[in-house]
Amino acid sequence: MPSISRAEVAHLARLARLAVTEEELDTFAGQLDVIVSSVATVNEVAAEDIPPTSHAVPLTNVFRDDVVREGLTNEQALACAPAAEDGRFQVPRILGEEQ
Amino acid sequence: MTEPTDSAALTRLTAAELAARIHAGEISAERVTQAHLNRISEVDGAVHAFLHVDTEGALDAARAVDAELAAGKQPRSALAGVPLALKDVFTTNGVPTTCGSRILDGWIPPYDATVTRKLREAGVVILGKANMDEFAMGSSTENSAFGPTRNPWDHDRIPGGSGGGSAASLAAFEAPLAVGTDTGGSIRQPAAVTGTVGVKPTYGGVSRYGLVAFSSSLDQGGPCARTVLDAALLHEVIGGHDPLDSTSIDAAVPPVVAAARQGADGDLRGVRVGVVTEFAGEGYQPGVLSSFHAAVETLRGLGAEVVEVSCPNFEHALPAYYLINPSEASSNLARFDAMRYGLRVGENGASAEEVMSATREAGFGAEVKRRIMLGTFALSSGYYDAYYGQAQKVRTLVSRDFAAAFERVDVLVSPTTPTTAFPIGERVDDPMAMYRADLCTVPVNLAGNAAISVPSGLSDEDGLPVGLQVMAPAMADERMYRVGAAFEAARDAAQGGSLVLGCPSVPGTVEPQGSGA
Amino acid sequence: MTTMAETMDYDEVVARFDPVLGLEVHVELSTATKMFCGCATTFGAEPNTQVCPTCLGLPGSLPVVNGAAVESAIRIGLALNCDISPWCRFARKNYFYPDMPKNFQTSQYDEPIAFEGWMDVELADGDTVRVGIERAHMEEDTGKSLHVGGADGRIHGASHSLLDYNRAGVPLIEIVTKPIEGVGDRAPEVARAYVTALRDLLRALQVSDVRMDQGSLRCDANVSLRPVGTTEFGTRTETKNVNSLRSVERAVRYEMTRQAAVLAGGGEIVQETRHFDEGSQTTSAGRRKETAEDYRYFPEPDLVPIAPSADWVARLRETLPEKPAELRKRIQQEWQLSDAELRDLLNAGAVEVIAATVQAGATPDEARSWWVSYLAQQANTRGVELAELPIGPAQVAKVIALVNAGELTNKLAREVIDGVLAGEGEPAEVVAARGLAVVSDDSALTAAVDEALAAQPDVADKIRAGKVQAAGAIVGAVMKATKGQADAKRVRELILERCS
Ligand SMILES: [Mg+2]
Ligand SMILES: [Zn+2]
């Protein structure tokens, strides 16, 4: 069984953008370990040749016509923004590069 | 029937009864709405089923129905004028939607969910937004950032979750109808522990547009009510194809109302009922099992042919479910990042990345963070195949078990939950114990078919409600309505009335109880 | 300060190293609406006015696939000689970035709609290089950030950023080549020729505006070097912000000389994203990531799989336009061009636009004369390719038709073209707005002619005396009086009529 280390929990928290506290690191490390070992029983199921199911209902090819639909006004879009400027969403300085 | 004169009596009526009286002009929708608003102000301080009561919006909607009826128009739907509690996970244009989370505190959506729109178009009166576990993650409604909902049967116990607010509003007679969402049992499990009816329709049967996503491939909105017929009436209002939801099934709503009426005749001859053998034994409360066995005997007594059916992969459903739902949730909840809406904390020169992390840390509760972490883990490189990928295979196996079972029987039955309502605080620090509340309900979500929970009785040990789960194949929802209604009619006849009418639901203050106390 | 040279002389680079290229092109489709919602895609709209719950990533919103975008994707795949997947899904690519409203990009991962194709790319000397296409997949664009408070609007040093999500959700097709090997010193040229050929193909398919200056065609250039004679790939860099065809060539060339200098100095190439700077024509390192990205791809549960039927694919195959190479062969015959003439037109990037203008109704001669003279001058002044001019073949054909109908003189036609280039609208709109219609009303012209004859009685007498060439002075005066809007031929006729 994989045991989830504190460092691994910290890495997951970074990936998930959660500024977890030191205390939470310990709690989550313990709880995730318990949960992960419990759910690991899915690996006991012999399922080599079993196709995975991603969607509960077997639909395909659901498309929309390429026709413009009325959206939100600029005011509606920005109404709940924590901050806005010049019709745009204002966000703190961005560190990383675009991907 | 005697005309109920007082406000409290109005709240005891079923949705079908209320609609009949409103449409016949015997009573106004406004009066019915006001009666329920009165009841809410009377008891909701103790029950806390609502996060937001939209008094003005509800009264306006009721008056609009009254005006149309007064003008001689046909009622807009079978439920026009009937009040309803809407789980706070559906967007409501101009009315706050929080999903029970601090991170959305104060958010006013600029659009209606399709379910919300359909309710409005049908003239259903939305009383307000029902409490829930944060982002629908939980089985007790203790994970609401705005405080737990209490079980009207016993205020020290949980009302189930995540739709505890929806179910409690019914049992406390604050609303005759509610809408919930069921990702792993969040409609059925609260229904079972509050003595009400809850339906998880076939996946794709009710639009998810405007339903704030928890686990997209599992989430399904559905009706909650105090009777099977009321649930069916609501099912027909909210169901149906929606071009805004790509996973919505482009077919007519199954004939659930007709099936509920047919079932009430009490004749189940020719119906094959399968008892899932795996859902019994260790971990099941004796009172739950005895109520279930009695229910099976009742079905047999109604003429149903009862057989035992083994679904060996159902035991893997819970672990698979607890990999799939956190995985999808970790992605679905990434959008709550303080950039465009909702909470923003920790500015003061911090970078966007830091503000995102600080806001998510402050805005999400422990269970939400736990699932985001678990999902991030299950999807991360090196673990995907062993966890998420393997869970998706289990999903195939569970579907095959259902397919094989439905070759032999028309519906499957089991207890809805292994236990009755547990005390508030009992499982908050033990996630695995909490997760086990979904043991019997998750296979249906994984496979995408339909299930209903109908009150089967009270447990011998604690006198608390027990639910009977009836599962049907995808897009054959009508089968479980027929069986559910037949069982309900027989049980009510034998017991001298609806189980939920026996709910003590005494208003009063309760001691505030901290989690884990 | 380093004593090591930052770049190596190009001849030395190619003598010692063998470059391997990989090109990733993102094409914005010119569908009316976005990939997953009904918002318009018009370029240049006021910020956050083409948005809805879905493309803003509001809680509860859901995507629905734009069928027209899928058709474009399949047509692009077919035109690139790809296999079309009989069943594929969208996937979520999870990473946080403020320009991405859901903090995941709905893209395709291990199941692209088109894969395993190729494109033949012709170089200036007529040689052809076959570029392998690894995949073409569908995804959505991000929003646009405006960085405030720093230098030159760059991200570094900005105090905050402003986000416009009009572009978020615009359909993108990402086209990825297989490694391009064995082209040696011609790598920069091949890179440019590939992007040029791809652009021409996409334009012929009419699936995109393919405007590099507006970002509807974007190229990321992966470059690595390995010592000549070896087979193992070196570490690559990925250069972004390559905003013109010329820059594609320069970025690859610069990266080759930079990497060679690092390797020759005993250094190691860092696998990183680099930024091409148009001003200095060099690349610079982006911010290094502390931890490797882990995109946690999984099948998009909100969208159902796409399963193009053989029938559908066959019908789309029939809509494919003539391939650029075939078009050139046909045109050389039809226009009776020598190899050298064709090469000149090719090098001027004029073949496709002329052909398209002919397609829109002009004669080959008319189309050629406009594109290789006046329009070529305009392109040259602006430093862009003909095809990058903000006027298209259909608009040029319209101007030619107006000239043929006598509604415009050549001089007026140039003014109309200027108006279209200046963004004043369609030719007809420019004619109306600038009041450029030819004065063809005989009574107005006759009055102007009479006035001019009266003003220059001596010239009038000469004409009357049979000196027809003297009429030129009167034509000039009339043209001046009518601000050039008269049809000179008709003016001459009228002068001779009045003087007969
Ligand atoms: Mg991409
Ligand atoms: Zn949109």
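Positions of Cβ are set from backbone N, Cα and C atoms, glycine also.
These come from TrEMBL:
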ACT_SITE  B:Lys87  active site, charge relay system
ACT_SITE  B:Ser162  active site, charge relay system
ACT_SITE  B:Ser186  active site, acyl-ester intermediate
DOMAIN    B:32-479  domain 'Amidase'
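Taking only the Cα positions, the spacing between B:Ser162 (active site, charge relay system) and B:Ser186 (active site, acyl-ester intermediate) is 5 angstrom. Between the CA atoms of the residue listed as 'active site, acyl-ester intermediate' and B:Lys87 (active site, charge relay system) there is a gap of 11 Å, rounded to the nearest whole number. Summarising the environment of B:Ser162 (active site, charge relay system), the number of other Cβ atoms within 10 Å of its Cβ, over all protein chains shown, is 35. Mean model confidence of the domain 'Amidase' (B:32-479) amounts to 97 (pLDDT, 0 to 100 scale). Listed active-site residues: B:Lys87, B:Ser186; maximum Cβ neighbour count within 10 Å falls on B:Ser186.
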